[in-house]
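Asks: Handing you a structure now.
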Amino acid sequence: MSASASRDLKTGGCLQGRVKVPGDKSISHRSLLFGAIAEGTTTIEGLLPAEDPISTAACLRAMGVGITPIEAGKIVTVEGVGLDGLQEPQHILDCGNSGTTMRLMLGLLAGRAGRHFVLDGDASLRRRPMRRVGQPLASMGADVRGRDNGNLAPLAVQGTTLRGTIVGTPVASAQVKSAILLAALTADGPTTVIEPSQSRDHSERMLRAFGANLEVGGEMGRHISVKPGATLHGQTVVVPGDISSAAFWLVAGALVPGSDLTIENVGLNPTRTGILEVLDQMGANIEIVHPRDVAGEPVGDLRVKHGPLKPFQFGEEIMPRLVDEVPILSVAACFCDGESRISGASELRVKETDRLAVMARQLKAMGAEIEEHEDGMTIRGGRPLRGTALDSETDHRVAMSMAIAALMASGPSTLARSEAAAVSYPTFWDDLARLHS
């Protein structure tokens, strides 16, 4: 199939079997970054072999870090250059479509005194806000410049000596927090990050494992302090399956009559399990099988069976723990009798696309009744959806969400730009074909 051809989406049938989702995207990025600035070799098992982590690896290679090719099923090794070993690159660092790469690179590079870096990306990334990282870094003495007063790429980073300080983040964002923690490793004194509410904590867990002098305190773990000077040492990292990718199968298994799915080896970090809480609120039949701890992260297998679902509501307080799952939950809401309400989700308007607008547009094309709000949407479920021509609008999470919606529609659908799924889940279409009967 050509890259831009429309894909025929299946309807009807049920989903049965076992599936392993790709490695967690957040943990994949961080294992590459922390391995790069550690002493010695880091080996990474289960790294997500998709476009975004590949962008992170390419940027690190351009600064002298040895990283083996990222291929499905292969262990990746990173030859660390130490905390101050990153070289000034000869070219612009291309972050592709990856907001995580760009935001974490800003923190990584801000304290490289005397070295100059330019970060750029694709058309979508050039529209995404970066001041939320640049501003807190500036309070540490960072010099980050770009379009729209430093908010939009391309961004130039002139490495400076950073000062340790107390930094309040404007939003509960793991990307913002992680950028500051990376910068804090090279500052001239201790740095404390204070979040408005706790975001995913993969960076804190992994930095500690690599040997950083990092403490978590305050209410709900919202105060994270780093003392510079510790040497990071290469580690063996095992990347669990990404719960944000598992979410598509959790919702599909709950929605599609006759379904019984087991999703293996899923990361169950409590800062990421909002999706399980909302599905529980809906009455979904989900069981955690064989919960275990792997390389400092809680992991388990998730079994989901079809059953009736109730409408839901959730808002700002849970949003940091399920921000990437809002698109697929908006699909689930269409099949619950009654009104579901999502609020506190304005962050979705500055993702790869305006995800609230795109999901509302695509689901309305199928006949859904949706009212969009500035920070969310109200969905009146229970109306039958009809198959139609759909478009991912280049967003990976939209592509996979619409594939699940199409399973429940009357009549066939097509999806334009279905290749977007590869950003986080390169084997999604193969897995869907295998599980669908």
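Glycine is no exception: its Cβ is also placed from the backbone N, Cα and C atoms.
It should be emphasised that the depicted structure is a prediction, and the values quoted were computed from it without experimental measurement.
Swiss-Prot lists these features:
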type     : residues                              : note
ACT_SITE : D324                                  : active site, proton acceptor
BINDING  : K25, S26, R30, S173, Q175, D324, K351 : 3-phosphoshikimate binding site
BINDING  : K25, G99, R128, Q175, R355, R397      : phosphoenolpyruvate binding site
Asks: Could you tell me which three-state DSSP class S173 (3-phosphoshikimate binding site) falls into?
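Replies: It is coil.
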Asks: Give me the CA-CA distance between K25 (3-phosphoshikimate binding site) and R128 (phosphoenolpyruvate binding site), in Å, as a whole number.
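Replies: Rounded to a whole number, the Cα-Cα distance is 19 Å.
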Asks: Would you mind sorting out which of G99, R128, D324 (the recorded positions) have a C-alpha within 10 A of the one on Q175 (3-phosphoshikimate binding site)?
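Replies: Within 10 Å Cα-Cα: G99.
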Asks: Which entry in the list of binding-site residues, R30, R128, R355, has its Cβ near the fewest other Cβ atoms, using 10 Å as the limit?
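Replies: Per-residue Cβ counts within 10 Å for the binding-site residues R30, R128, R355 bottom out at R128.
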Asks: Which residues of the same chain, at least 6 positions away in sequence, have a Cβ lying under 8 Å from the Cβ of S173 (3-phosphoshikimate binding site)?
Replies: R132, S199, P320, E347
Asks: Just to confirm: which same-chain residues, 6+ apart in sequence, have a Cβ under 8 Å from the Cβ of R397 (phosphoenolpyruvate binding site)?
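Replies: The list for R397 (phosphoenolpyruvate binding site) reads S244, D324, P327, I328, K351, E352, R355, S424, given in order along the sequence.
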Asks: Looking at the binding-site residues K25, K351, which one has the fewest other Cβ atoms within 10 Å of its own Cβ?
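Replies: Taking K25, K351 as the binding-site residues, the minimal 10 Å Cβ count falls on K351.
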Asks: Rank the recorded positions S26, D324 by the number of other Cβ atoms within 10 Å of each Cβ and report the first-ranked residue.
Replies: S26
Asks: Using DSSP and collapsing to three states, where does K351 (3-phosphoshikimate binding site) fall: helix, strand or coil?
Replies: coil
Asks: Cβ distance under 8 Å to G99 (phosphoenolpyruvate binding site), same chain, sequence separation 6 or more: which residues?
Replies: L125, R128, Q175, K351, E352
Asks: Within 10 Å of the Cβ of Q175 (3-phosphoshikimate binding site), how many other Cβ atoms can you find? Include all protein chains, please.
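Replies: Excluding its own Cβ, the number within 10 Å is 24.
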